[in-house]
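Remarks on the structure that follows.
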Amino acid sequence: MEQENLEKKRLKHTLAKIDLAITNITKRLSKQGRDIKDANEHMQEHKRDMDHLEKNAVRESVSNMAMLGRASLDKKKRLLRLKNVTYFGRLDFKEDNKAAKDEIYVGVHNFKDEDTNKNLVYDWRAPISSMFYDYEPGPSSYVTQEKVVDGLMSLKRQFRIRNGEMEYMLDNDIAIQDEVLQKELKQASSSKMKNIVATIQREQNAIIRNEEAQNLIIQGVAGSGKTSIALHRIAFLLYKFKDDISSEDILIISPNKVFASYISNVLPELGEETVEEISLEEIADHLFDYQIKFQSFFEQVSELLERTNEKLIERIEFKSSQDILKKMDEYLVHLENKAFQPQDIFINKNPVPAWFIDEKFKQYHRLPILKRFNEVVREIVNHTFMYYKYEVKGKERTELHTTIRKMFPSTNLRMLYKGFYEWMDRKDLLKMRKGATYEYSDVYPLLYLKMKLEGLPSFTEVKHLVIDEMQDYSPVQYKVLSKLFSCKKTILGDINQSVNPFSSSDLKTIQSIFPDSTAMTMLKSYRSTYEITQFSKRISDRIEVEALKRHGSEPGVHSFKTKEKELSYIKELIENFKNGDHNSLGIICKTQKEVNKLYEELKEKFQVSLLDGKSVAFGSGVVITTAHLAKGLEFDMVIVPNCTQQNYKTAPDRQMLYVACTRAMHRLEITSVKNPSQFLNS
Ligand SMILES: Nc1ncnc2c1ncn2[C@@H]1O[C@H](COP(=O)(O)OP(=O)(O)OP(=O)(O)O)[C@@H](O)[C@H]1O
């Protein structure tokens with residue numbers, strides 16, 4: 001109790017200092033505002049008398065003032081955040097060879113007492129704060145830029161402070177190590193992902209603070225914190241390398257807009273700007289200059305789930321294999337050696353032999369094939385001038401371009417892509433959809449060909465790329481991405497959560513494309529109760545997962561005689577949810593058709609939000625969606641309806657069921673009419 005009182009006193013003292021800092025920064029902000037206003041007014045009044053240089057000088061000074069203003073505003077936001085959650089940890093550390101120990105309070109930002117210049121709060125990303133995550137009381141150390149600092153940690157304390165009030169504090173010893181974590185995980189969900197800065201686990205911290213890896217690949221089971229870790233890693237990198245990298249230099253490849261919106265709060269909560277996100281479809285649209293129409297990934301997955309189509313599966317499997325890369329490279333060699341058919345030509349009656357044209361074409365092998373024609377023309381023009389003293393220009397030069405280009409079968413990407421399947425004698429592997437639309441699986445092979453034939457612009461401005469849901473991208477997609485982004489990467493996902501098992505990549509495949517990579521595995525699941533994790537583990541027979549010992553009710557499997565009875569039970573569950581403490585209920589179906597149907601049946605009586613391929617966000621309450629779109633999200637309670645043997649029987653169905661069940665944090669209910677899916681018994 002005495003300790004608690006001392007801590008409350010200390011908190012009060014820190015809060016008073018924060019309040020003072022807020023008052024000062026508020027004053028500074030209003031002065032900065034006034035200065036800008038005065039400068040603008042001065043400019044308006046005297047504009048006519050000012051010359052160009054004077055105007056520029058005023059503009060520059062206003063823009064400097066605005067920059068200072070923005071910095072003050074950021075500082076104020078940080079202080080306001082500290083006023084709410086002042087810190088969450090304390091460690092007492094005595095460095096070897098020093099007489100006294102230091103009391104280190106760890107929070108989301110640094111905070112210095114302006115009078116004494118003493119750090120009252122250390123940023124969680126500071127080197128010394130790493131001990132809070134890495135050690136229990138006892139011998140400890142941390143690494144600074146220059147050295148390793150060894151010492152003894154005599155105390156580790158965790159706090160929960162909200163609105164400046166201390167809700168609880170706990171001293172860590174071996175016995176109660178994860179009590180705070182348990183308390184955090186028991187909380188009801190929110191519609192935006194939360195930061196986990198107060199309870200980052202040791203193995204997670206190692207990933208967050210890994211600075212060396214060129215490409216860091218994280219394979220983690222459902223709910224192991226992959227996405228959270230990737231976002232905290234961004235925050236760490238922004239802190240550690242603040243002079244070299246800013247949030248504008250980071251890009252996240254995310255599966256859809258709902259997911260992007262779900263994770264959008266984490267970085268701002270940590271005091272950083274949200275980083276830009278993009279999908280593979282958007283990248284393709286950009287690189288095709290919006291000239292090529294294609295089916296979306298969502299549409300492809302829906303098609304696969306609605307009916308089994310062996311031919312479609314064969315096409316997808318081929319285009320997602322390493323084999324297509326090998327075959328495309330062979331095709332490119334064929335185009336290079338056989339498709340280009342040089343002929344003897346005459347310029348102003350002077351001969352230019354075929355062998356000369358061929359030699360020049362080959363000489364530029366470092367250029368993409370379709371970019372070589374200009375160079376060949378340039379060489380011919382030089383040659384003609386040197387040997388025949390004849391200058392080729394104007395119309396004649398344009399005609400020469402056409403002649404050389406015609407020595408190649410086509411310069412049209414679509415034709416050359418079609419030619420690839422003809423060359424393989426597998427025309428059946430290319431099937432266009434209505435309206436000259438490509439299947440989704442053709443998009444990146446097409447881009448690969450474009451890259452080799454014409455070259456692609458690279459995203460040099462991106463200094464760190466994060467790829468989430470790595471299992472859903474194929475080798476061809478990775479090959480293109482690796483060419484587009486030469487920067488460091490954090491690649492994360494879970495092979496058991498692929499929404500299209502015919503086009504997924506495993507860790508080994510990804511590693512083979514990024515040889516300079518470090519792989520890390522996360523086996524502990526934090527999201528769900530022990531009972532839900534064990535239940536989900538049985539659905540996906542091959543996974544290894546460590547379930548956290550947080551207990552809840554056993555998942556319910558209910559089978560009914562009729563559809564009506566199933567529906568009325570679902571309604572009952574929704575009523576229960578409405579009267580309970582939970583914030584979110586996800587009703588997760590296999591297909592969009594099922595979603596639409598159930599939505600119609602529920603919307604009269606309940607307020608339900610429907611998520612589909614066009615949605616951009618979701619809120620709390622009852623959400624109805626597919627497993628595909630729910631991937632990456634989580635709900636306090638999940639209902640999986642229509643879980644019959646008929647509906648869940650193939651490999652993709654099984655993956656979907658696994659994804660759906662692992663979205664549940666505290667409660668899971670599964671319903672069916674008659675026979676439940678066999679995957680529930682495995
Ligand atoms: N160290 C931690 N402390 C508190 N909560 C944590 C911790 N690690 C993970 N969690 C919680 O576990 C849940 C799952 O995290 P996250 O969504 O990042 O996992 P994931 O591996 O990306 O999951 P999935 O692949 O299933 O979508 C979140 O609610 C997150 O807050």
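The backbone N, Cα and C atoms fix where each Cβ goes, glycine too.
In TrEMBL, annotation is done automatically, which means it is predicted and not curated.
Small disclaimer: the values here were computed from a predicted structure and weren't measured.
For G220, V221, A222, G223, S224, G225, K226, T227, the entry in TrEMBL reads ATP binding site. Neighbour density for G223 (ATP binding site): within 10 A of its CB lie 25 other CB atoms from the protein chains shown.
Beyond the coiled coil (29-56), the same-chain residues lying 6 or more positions past its ends with a Cβ under 8 Å from any Cβ of the stretch are 62, 65-66, 68-69, 72-73, 76. Annotation comment: TrEMBL describes 29-56 as coiled coil.
Residues annotated as domain 'UvrD-like helicase ATP-binding' in TrEMBL: 199-529. On the 0 to 100 pLDDT scale, the model's mean across the domain 'UvrD-like helicase ATP-binding' (199-529) is 91.
Under DSSP, G220 (ATP binding site) is assigned to a strand (E or B) in the three-state scheme. For G220 (ATP binding site), the Cβ neighbour count at a 10 Å cut-off comes to 23, with all displayed protein chains included. Annotation for K226 (ATP binding site): spatial neighbours I218, G220, D468, L492, G493, D494, M522, criterion Cβ-Cβ under 8 Å with sequence separation of six or more. For S224 (ATP binding site), the count of additional Cβ atoms within 10 Å of its Cβ stands at 25 [all protein chains shown]. The number of other CB atoms found within 10 A of the CB of A222 (ATP binding site), across every protein chain shown, is 25. For G225 (ATP binding site), the same-chain residues lying six or more positions away in sequence with a CB closer than 8 A to its CB are I196, Q201, Q204, M522, Y526. There are 24 other Cβ atoms within 10 Å of the Cβ belonging to T227 (ATP binding site). Listed in sequence order, the residues of the same chain lying 6 or more apart from V221 (ATP binding site) and placing their CB within less than 8 Å of its CB are D494, N496, M522, L523, K524, S525, I543, E544, V545.
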